[in-house]
Amino acid sequence: MNPIINLILLSSMIAGTILTMSSHHWVSAWLGLELNTLAIIPIISKTHHPRATEASTKYFLIQAASSALFLLSGITNAYSHGTWDMAHLTNTPSKIMLSVALATKLGLAPIHFWLPEVLQGTPMITALIITTWQKIAPMALLITTWNLIPPTITLIMGLLSTIIGGLGGLNQTQLRKMMAYSSIAHLGWMITITTITPSLALFNLTLYILLTTSTMLIMHLTLSKTLQNTMLIYSYSPTTASLFLLSLLSLGGLPPLSGFSPKWLILQELTTHHLTPLALLMAITALLSLMFYLRTSYISTMTIPPSTTPLKNTWRLKSNSNTSLLSSLILLSLFLLPITPLMIQ
């Protein structure tokens, strides 16, 4: 793709997200979502591969349907109460339609089927954009309208997402599909706490973006697409393999790494608000996600494939990759736990 066109598309995507985050009007929020969607579709299909074309078509159809439902929710509320302000959402059908529309855009269960298939048909960097940047605008709308959406719907969707994200990831050998189910599980934690403490959901989203970015950048750097490919990471670079291990364990929420803090705080808030059974179920489902992170960690750091090549330590060869951004992201994703109380005050 032409670099100028690529820059224009990325700028449009950023502008759409900022427009949605800063708007309180239904039409301007919808316009930002549409701008975001139309900018990412050429990026998904830029490889001209049949899988990329299929992924872009699926993404377009599901996002168009959810945007139409989002706009219908605003029209219904405006017809009933004569206002386009999102803060005055009082119509019950509009609340339900808004919940379903945002859940579809985020890829929450039970409307999650499109996310693994779309990620599998895209390059790793594009998959990273879909799982991180494309979640910001819908989550901003969800946090903006947290007190207007029925809490029962969000709690059920959150619990379903954590269960399906954990179970779905166990059966995957493709890393992009595994990260898709990881995204579904993490979004389940976010949407669950949104109805209780929106600021904690924002903190969780920030850490999720850091952890996912560092993990998927290592996958991109080492050209890993399947679990079998991760066996070569140690031969490529023992340091990278160790950091990949720590990033995965942090993504799974294992203490004392940074990924433990949002799960710990969310479980604490749920028990404080007398939702102990829900907190117990979510803690159990977190073990499912941790299982496939541990499996990937074991394969990438403790197994080396059989080879007849004399030179296995390719890390001795000089690499031309620039890893300065990756290094800073990994440091943030691993060692933010000690300053967690300062960040959530």
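Glycine is treated like the rest: Cβ placed from N, Cα and C.
Here's what Swiss-Prot has on this protein:
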type	residues	note
TRANSMEM	1-21	transmembrane segment
TRANSMEM	25-45	transmembrane segment
TRANSMEM	59-79	transmembrane segment
TRANSMEM	96-116	transmembrane segment
TRANSMEM	123-143	transmembrane segment
TRANSMEM	148-168	transmembrane segment
TRANSMEM	191-211	transmembrane segment
TRANSMEM	240-260	transmembrane segment
TRANSMEM	274-294	transmembrane segment
TRANSMEM	324-344	transmembrane segment
*Counting only pairs at least 6 apart in sequence, do the transmembrane segment (96-116) and the transmembrane segment (148-168) share 3+ Cβ pairs under 8 Å?*
yes
_Let me spell it out: take the transmembrane segment (148-168), skip the flanking residues so only those 6+ beyond its ends count, and list any with a Cβ under 8 Å from a Cβ in it._
87, 89-90, 95-96, 98-99, 103, 108-110, 112, 116, 142, 181-195, 275, 278, 281-282, 285-289, 291-292
*Please indicate, using numbers and ranges, the residues of the same chain that are 6 or more beyond the transmembrane segment (274-294) and have a C-beta under 8 Å from a C-beta there.*
155, 158-159, 162-163, 165-167, 169-170, 172, 178, 182, 185, 188-189, 192, 248-249, 251-254, 263, 266-267
*Beyond the flanks of the transmembrane segment (1-21) by at least 6 residues, Cβ under 8 Å*: 28-29, 31-40, 42-43, 46, 129, 133, 136-137, 140-141
